[in-house]
Amino acid sequence: MSSSCPSKLPSLLLFASLLACLVGASMGGDFLQDFDITWGDQRAKILNGGKLLTLSLDKDSGSGFRSKKEYLFGRIDMQIKLVSGNSAGTVTTFYLSSQGSTHDEIDFEFLGNVTGEPYIMHTNVFSQGKGNKEQQFHLWFDPTKAFHTYSIVWNQQRIIFLVDNIPIRVFHNSESIGVPFPTKQPMRIYSSLWNADDWATRGGLVKTDWTQAPFTASYRNFNANACVWSPGSSCTSASPNSVQDSAWQAQALDASGRNRLRWVQQKYMIYNYCTDLKRFPQGLPAECKRSRFL
């Protein structure tokens, strides 16, 4: 059963509207049904009847895909196995984005490294075309040996980044103090694998070793519990269990979640824009005054 809500509402009514409509859910991880290959020719492949997608990179080109649907708030999960071996110079991405010069975006980027060195997991949030809100982490496992789940929870109050359901970062809605937050632009899901050896590994000092090509990343078990946006008409749902599937609408961290977040940020965070005084000599961004463990 589907429901809909008006798409052209004053911003003050948007939250109430979203709560009123059932939550759109794209279940089952069917890449044939839910995604389009956007570039890379045959370097991107959908396999196993839509249950597996692989991206590859060689010296001529990388590859990428995007979701057929647009979403306005929700929880997005994707299992990814990253490029193994010497992945220096390569970047694998998984992110949400709208379009245009004032676009919104929520990013996971995985920066490759030489064999034996850890990947760098880069996160960022853009709103109204402005980003510069980077946090970077090492992982507590080898992300090339098996699939791991990377998740984005996006609601009116906050954005939560999770790895295997462990929160690694929370970006709160601080519009009340003048900080833009993505609330109005529906976003698609994107992913890509491409060469960025001018900056990705040690600031570009380590170049891509093309003798190791093609480089391959794999995806499976996509899931979206989200408001599926139809331009000019409605927010729809095909979910049989709206109560369970709408938990993301008010999702926050409980005491256990805060403890896990603290563990990740204390042991595995390697860069936080909110502590970079050299970058912001006139003062840290306003949102940085809020505790990162809330």
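Including glycine, each Cβ sits where the backbone N, Cα and C put it.
Of all the Cβ atoms in the protein chains shown, 18 others lie within 10 Å of the Cβ of Glu105 (active site, nucleophile). Look at TrEMBL and you will find Glu105 tagged as active site, nucleophile.
Sequence annotations record features per position, and here TrEMBL assigns active site, proton donor to Glu109.
Among the features that TrEMBL reports, domain 'GH16' is placed at 25-219.
Shown in sequence order, Ser87, Ala88, Tyr119, Ile120, Thr201, Val206 are the residues of the chain, 6+ apart in sequence, with a C-beta less than 8 angstroms from the C-beta of Asn113 (N-linked glycosylation site). TrEMBL lists Asn113 with the feature N-linked glycosylation site.
For 1-28, the entry in TrEMBL reads signal peptide.
Taking Cβ-Cβ distances under 8 Å and a sequence gap of 6 or more within the same chain, the neighbours of Glu109 (active site, proton donor) are Val91, Thr92, Thr93, Tyr95, Met121, His122, Thr123, Asn124. For the domain 'GH16' (25-219), the model's pLDDT averages out at 95.
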